[in-house]
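Below: one structure, written as C-alpha cells.
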Amino acid sequence: MGRVTFPFGPQHPVLPEAIQLQLTCEDERVVEVLPVIGYMHRGIEKAAEKTPFVNNVFLCERICGICSFIHALCYCELMENLMKTKAPPRAQHLRVFWSELSRIHSHLLWLGLLADSFGFESLFMQCWRAREIILDTMEMTTGQRVIQSSCIIGGVRRDINGEMTGQVRRMLNKFKKEYDAIYGVFAKDYTVKQRTAGKGILGKEDAWKLGALGPTLRASGWASDARMLNYCAYGELGFEPVVENGCDSFARMMVRAREIHQSLDLAFKALDNLPATELAVRINGFPRGEGMIRVEQPRGELFEYVKGNGTVYLERLKVRTPTFANIPTLLAMLPGCELADVPVIVMSIDPCIACTER
C-alpha cells in the first residue's frame, strides 16, 4: 500500500495544548513521525531580562499553570544559591508540602485526560473530582488555586499552623479515600490495560539514549529523580523514586498513579515535621555570577540557568523543561503503532507545550 502523510494536531480533541505531529502512515500503521512545535511561544526568557530579579518569581510561575509553584521554587532556590543565602527550615518543609500537592494535582489532571483519550468518561470525571480536593487545599493554605504566589526568594510568604493544620489533614485523608478507589481502576481495569499495555514501547536503553526524563524515564526501569539531590527538605523526609519496568504506556501511567500515593505521604511528613522557625530571611544585594539548578517537576527534571551582573536585572535566564526532552522519545514510541493508538501514546508522556515553548 502507498504511504500517506497527514498532521495530528496542533488542534485535536485529545491534545490539551497545541503541538503537531506529521505522521506518515502505511496500512493504518505509523512508519515515520516529525514533531512540530512553535505555536505557543511567549518570550518569557527575554522578558526575565527586562524584569527586576525579585519580580521574576511571578514571571516564572506563569511558565506553566499546572506546576506553577515548582517553577517558582526552582527559580527561588537558584537565586538563593547564587546570593549565598538559605531559606529557613520551616520554609523548606512548606515548599515540599506545596510541591507535592502540585505533583498530585498535575498527575490527577493527566490521569483524567488519559482516561478521556480512550473514551473512559466516567473515570475522567472521577479523577477531576478528586483533584478538586487538592485544589481546595491549595486555596485554603495559599489563597490561590492554580498560581499560588507563596514562594519568594529567601523563604515562603504563607504559613500553615493552628486550626488550619487539622483541617488540611482532614481534607487530605478524604482525598486518600477517594483516590484509593480510582487507583484500583487504573491498576486493574481490563479496558485501561487493553488501551495502554504494550502500546508505545520505549526500551530501557532507548530511554537513556534519547534523554527521557521523569515518569517517562522511570517507567523504562531507571531510578532517576531530581528529588534524590535532596533540595528543600527531601533529604530529611526520606525519598525513593517510583520505578516500573514495563516500558510501555501502562507503565508510564502506573508510575504517575503510584507517585500520587508517594506525594501524599511526603505531604503528610512535611506537615507533621514543620520546624518552629521563621518563614523567610531577608536578602541583600544583587545577584552576580552564574548558577544552575535541577528540581523535579511532575513531568520530569526542570533545569534553570541564570547569569547575574550585579544589577537588579539578570543578564540571562535559561529554562529547560522536561517535555522538551521527552518529545524525541515519541520518535521511538510511535513508529509501528496503529493509528488509533497515537492519541494514547502521545498523552503517555504528559506533554506540556506552554512549558516547552515559554
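First residue shown is number 1, and so on along the chain.
Including glycine, each Cβ sits where the backbone N, Cα and C put it.
Per TrEMBL, Ni(2+) is bound by Cys64, Cys67; the candidate from Cys337, Cys352 named for the same site is Cys352. Straight-line distance linking the Cα atoms of Val319 (Mg(2+) binding site) and Cys355 (Fe cation binding site), rounded to a whole number, equals 9 Å.
Helix, strand and coil content of the domain 'NADH-quinone oxidoreductase subunit D' (286-358), in residues and according to DSSP, is 26 helix, 29 strand, 18 coil. Cα-Cα distance from Cys355 (Fe cation binding site) to Cys67 (Ni(2+) binding site): 9 Å (rounded to the nearest whole number).
Look at Glu45 (Mg(2+) binding site): DSSP puts it in a helix. Neighbour density for Cys67 (Ni(2+) binding site): within 10 A of its CB lie 25 other CB atoms from the protein chains shown. Ranking the binding-site residues Cys64, Cys67, Cys352 by the distance of their Cα atoms from the Cα of Glu45 (Mg(2+) binding site) places Cys64 first.
Sorted by the number of other CB atoms within 10 A, the binding-site residues Cys64, Val319, Cys352, Cys355 start with Val319, the lowest.
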